[in-house]
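As structure tokens, the structure follows; a few thoughts come after it.
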């Protein structure tokens, strides 16, 4: 009787082990990695199509984190050029905002916490408001109205975004802000006669289009991508391409603004490849 009871308990234990093992096999790979070596605790933010904590116990999404480095370096190059040639301060702020955004994105993907996600998304909106100001302010007659409105709008958004979590609403809002900049960007393009400057605008369009496709592919087909032997890391590619996209757009806007101010701008190329704006301000007597 005792032997039968012992055998029954043993079979029950084996069945539980079998079920537990099956559940472990069916868990998503990134969940397994997180359960094993999550340094920052449970994920509380939106996740992307990359396995967590694979290469380091301190970095959740490794490729999505390090892919922001090119954006930081490109923004630093743009800032050095703007300072060296004494462009308007708005461009210094723009390059610095690009660097801050890339750093915040690194923190978000390394930690995957809701606060870090907000710290990434809020600067995205602020940066678009800055682009809006740079694009439209030259033709704005009431000079104090626009910066005041944009500042209040950015502050209100930051407070609202800290209180309310709206992932789809945020994406729609961000896309609308981007689209509001398109008409003026197109106007600058068609009024630009310099072929090299036009090429910058084309590179801007190519990088944002390709980057958006990478973002969508990574987001929409993650279930299929997770089964592949090789993950193309679409979101990481988005980061790299958007780093170049910001640099090309900033350089194009610097060219156009210098042209407006009569600074005789030219697109030069470092080592024959890397574009930057070179100006010649009129001499003051």
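These residue numbers are counts, starting from 1, taken along the chain as shown.
Even glycines carry a Cβ here, placed using N, Cα and C.
What TrEMBL says about a protein is an automatic prediction, not a curated fact.
These come from TrEMBL:
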BINDING   48, 50, 52, 61  Ca(2+) binding site
TRANSMEM  62-81  transmembrane segment
TRANSMEM  93-112  transmembrane segment
BINDING   109, 235, 239  Zn(2+) binding site
TRANSMEM  149-166  transmembrane segment
TRANSMEM  203-221  transmembrane segment
TRANSMEM  236-256  transmembrane segment
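Shown here: features listed in TrEMBL, placed on the structure.
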residue: 48; record: Ca(2+) binding site; CB count, 10 Å: 22
residue: 50; record: Ca(2+) binding site; CB count, 10 Å: 24
residue: 52; record: Ca(2+) binding site; CB count, 10 Å: 25
residue: 61; record: Ca(2+) binding site; CB count, 10 Å: 26
residue: 109; record: Zn(2+) binding site; CB count, 10 Å: 29
residue: 235; record: Zn(2+) binding site; CB count, 10 Å: 22
residue: 239; record: Zn(2+) binding site; CB count, 10 Å: 25
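Listed stretches 62-81, 149-166, 236-256 were compared with the transmembrane segment (203-221); the greatest number of C-beta pairs under 8 angstroms is found for 236-256. Apart from the site residues 109, 235, 239, the chain places the Cβ of 48, 50, 61, 63, 64, 65, 67, 68, 105, 236, 238 no farther than 8 Å from the centroid of the site's Cβ atoms, the recorded Zn(2+) location. Under 8 Å from some Cβ of the transmembrane segment (149-166) lie the Cβ atoms of residues 114, 118, 121-122, 125-126, 129-130, 132-133, all in the same chain and six or more residues away from its ends. Only 48, 50, of the binding-site residues 48, 50, 52, have a C-alpha within 10 angstroms of the C-alpha of residue 235 (Zn(2+) binding site). Distance between Cα atoms for residue 48 (Ca(2+) binding site) and residue 239 (Zn(2+) binding site): 13 Å, as a whole number. DSSP assigns residue 50 (Ca(2+) binding site) to coil in the three-state reduction, placing it in neither a helix nor a strand. Packing against the transmembrane segment (62-81) from elsewhere in the chain are residues 48, 50, 54-56, 87, 91-92, 95-96, 98-99, 101-103, 105-106, 109-110, 233, 235-237, 239-240, 242-244, 246-247, 250-251, 274, 276-277: each is 6 or more residues past its ends and has a CB under 8 Å from a CB in it.
Within the chain carrying the transmembrane segment (236-256), a Cβ under 8 angstroms from the stretch's Cβ atoms is held by residues 50, 63-64, 66-68, 70-75, 77-78, 82, 87, 91, 94-95, 98, 102, 105, 131, 134-135, 185, 188, 192, 194, 197, 200-201, 203-204, 207-208, 210-212, 214-215, 218, 265, 267, 275-277, all 6 or more beyond its ends. Cα of residue 239 (Zn(2+) binding site) to Cα of residue 61 (Ca(2+) binding site): a distance of 13 Å.
Distances between the Cα of residue 109 (Zn(2+) binding site) and those of the binding-site residues 50, 52, 61 are shortest for 61.
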